[in-house]
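What follows is a set of notes on a single structure, which appears directly below.
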Amino acid sequence: MGIELVCLFLLLLGRNDHVQGGCAWSGAETCSDCLLTGPHCAWCSQENFTHLSGAGERCDTPENLLAKGCQLPFIENPVSQVEILQNKPLSVGRQKNSSDIVQIAPQSLVLKLRPGGEQTLQVQVRQTEDYPVDLYYLMDLSASMDDDLNTIKELGSRLAKEMSKLTSNFRLGFGSFVEKPVSPFMKTTPEEITNPCSSIPYFCLPTFGFKHILPLTDDAERFNEIVRKQKISANIDTPEGGFDAIMQAAVCKEKIGWRNDSLHLLVFVSDADSHFGMDSKLAGIVIPNDGLCHLDNRNEYSMSTVLEYPTIGQLIDKLVQNNVLLIFAVTQEQVHLYENYAKLIPGATVGLLQKDSGNILQLIISAYEELRSEVELEVLGDTEGLNLSFTALCSNGILFPHQKKCSHMKVGDTASFNVSVSITNCEKRSRKLIIKPVGLGDTLEILVSAECDCDCQREVEANSSKCHHGNGSFQCGVCACNPGHMGPRCECGEDMVSTDSCKESPGHPSCSGRGDCYCGQCVCHLSPYGSIYGPYCQCDNFSCLRHKGLLCGDNGDCDCGECVCRDGWTGEYCNCTTSRDACASEDGVLCSGRGDCVCGKCVCRNPGASGPTCERCPTCGDPCNSRRSCIECYLSADGQAQEECEDKCKATGATISEEEFSKDTSVPCSLQGENECLITFLITADNEGKTIIHNISEKDCPKPPNIPMIMLGVSLAILLIGVVLLCIWKLLVSFHDRKEVAKFEAERSKAKWQTGTNPLYRGSTSTFKNVTYKHREKHKVGLSSDG
């Protein structure tokens, strides 16, 4: 009994409540089909578990099958599982023998997955201390790299000295490249074929593709000696054949000397871009690169003029396959190009190379430290039909979902990764996956298989008597009928039964398209929404109208598409109560006499009426004129009279508010004020039925008299009248004077005066005669006398 309870707990543990009902209505008729429905579905193989309804009810969640009466031993529910085959502990500290180093755990496991299910496993990676390093120096020997060649003549000794601080097991090798020795990549005159630099003039080696010069060795002086002997070469175009050289350096494992248990570093040094892919078609080379080693007995690339340049994808495959980490050491002009390449190549880094390679030692050391500070997982193998997701748990203890890389790690730190794997379909074959850290040889091998078969499928009763006289095979509790027979127990012959009896009327689908016709009788399908029933499966209990998302308003039952309301409810949705208790106001009047009782709720007719029984109606009666005193006080009040206005407003049962409100339910009002202004405002009611006054304003007010203008007008009028009167007086005086003058002149003209001399008048001159004057002429002498 205890074992059964444990098994039951494990069955229930994998239950998914959200999709629990998906099994029962899936229509699965075999155990395999049921398992494909979802990872939460199980099959009951118990005999006589179902009746005429057939095999559909056998597929359900484990707990539902138990509730239906299926015994636990007959429940087929294979679960996803992980079986670890090898799990050596991670290495700690320095290891004397490199073959004993373990940097990933576990190393091998078997993963069995239910389709749609997910299994999570944990992978741990720890980079061990003092790990062996193999470094291959691959140099561009085109003419522009002449000064760089002089700089690295002592590089071997200096590099070995610096690397000895990081590892006690270091080896280095050397190789060089230029370009494919074929037109149009090289000069083709006889003299320039022998010496491509003859036009300078300068002697340099003939153009070559790739030369492997020094296998990996721990003799640094041997490296220096080899470098001193090197000569430059030349080609025509700017891009070089560097990718040809990278491919050969990666795949020629034995000739280069790559060890199995070491870190493989390939340092690529150049000041130019590299040809790749179909660039070689310019030279008539059309055979794709095969990714194989083609070094001849002189350690030169023998297929340089035959095979195309490798593509980026081919380089990635071979670098990953041989655990080679690429370090691009390139000049400033080429950095952006090789950064794009490095983004595609796992584990690749880019360093800025000085014009004469003066910083190459620091560049290599920095790149090595960067590579050792990162742990990144990569997946190799056939992943079609699989879903893999990673969650990284780095040394800082923080989870990074959807990430399979940890940075800023120290050597000896452990990086953990949760790897979730799921399979989408059933397949008979097993597949092999490899998960490994980029650049390391340690791997986790995973054998993945789909768990789609039921144990009961191994027991088949052919032509079983349980299937109506042997008309079928009995397997997993159901009959698989032989050709020509049908029915849950193969009791019907296809030639004996017509589906017409399962049609409601000619032209209609059999069993209304919602069931199967077995022996002239409809067996309705299961539905996640409810029951399908009727002689033709034409009815159900879930297709009725809904109210607020509830079938028949939750106040009735759905029967064949129509709501059958319970007592006290009516309406098409059963959403209308027949009770009027909620419509009666406190005085017993229905809806306070201001509305109608509809479906147990008051629908108020009067504008402004509200409340459950229309008891609130601030706008009923004369709502505008009754608030006159409040409104006029508000418009004329200053700060000191504010309290007085509040009292007046309260007396009218209203308050004034400047807050926002809905105008849809407001009542507009207008009053004539004492100052003959038109006062407008809006009245609303709050949730408690209190009257709120909004938007008080005055308009169409008569304008007040302009006193200064009136005074100015009066003054101007008085002045004008004075001037006019003065002018009139002047005219009258002038007229009178003229009249008097005329009269005087007339009288003077009528006067008759006598002509004579005034006896009192004496003239002003006197005449005397000089008797003594002797001349003949008469002289008049005028003497003037005052006396």
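From the backbone N, Cα and C atoms, a Cβ is placed for every residue, glycine too.
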- Query: Taking 170-197, 450-477, 478-505, 730-757 as the choices, which stretch does Swiss-Prot tie to region 'Interaction with HAX1'?
  - Reply: 730-757
- Pick out which of CYS583, CYS599, CYS604 Swiss-Prot lists as the disulfide partner of CYS597. CYS583
- Item | Binding-site annotation, Swiss-Prot, Ca(2+) 1: partner of SER144, ASP147, ASP148, ASP271 in LYS68, LYS355, LYS404, LYS405 | LYS355
- Message: Given a separation of at least six residues and a C-beta threshold under 8 Å, show me what packs close to CYS476 (disulfide bond) in the same chain.
- Response: THR30, CYS31, TRP43, SER45, GLU76, CYS454, CYS456, GLN457
- Reported as an integer number of Å, what is the Cα distance between SER142 (Mg(2+) binding site) and CYS293 (disulfide bond)? 23
- By DSSP assignment, list the helix, strand and coil residue numbers for the domain 'I-EGF 2' (492-538), in that order. 8 helix, 14 strand, 25 coil
- CYS204 (disulfide bond) has how many other Cβ neighbours within 10 Å of its own Cβ? 19
- Query: Apart from GLU179, ASN235, ASP237, PRO239, GLU240, which residues in this chain have a Cβ no more than 8 Å from the mean position of the Cβ atoms of those residues at the Ca(2+) 2 site?
  - Reply: SER142, VAL178, LYS180, PHE185, ILE236, THR238, GLY241, ALA272, HIS275
- Note on the structure: In all the protein chains shown, the tally of other Cβ atoms within 10 Å of the Cβ of GLU240 (Mg(2+) binding site) is 25
- For CYS583 (disulfide bond): DSSP state (helix, strand, coil): helix
- Cα distance, ASN235 (Ca(2+) 2 binding site) to CYS197 (disulfide bond), nearest Å? 9
- Of GLU179, CYS252, CYS552, i.e. the recorded positions, those within 10 Å of ASP140 (Mg(2+) binding site) when Cα atoms are compared: GLU179
- Inter-residue C-alpha distance, CYS293 (disulfide bond) and GLU179 (Ca(2+) 2 binding site) (nearest angstrom): 17
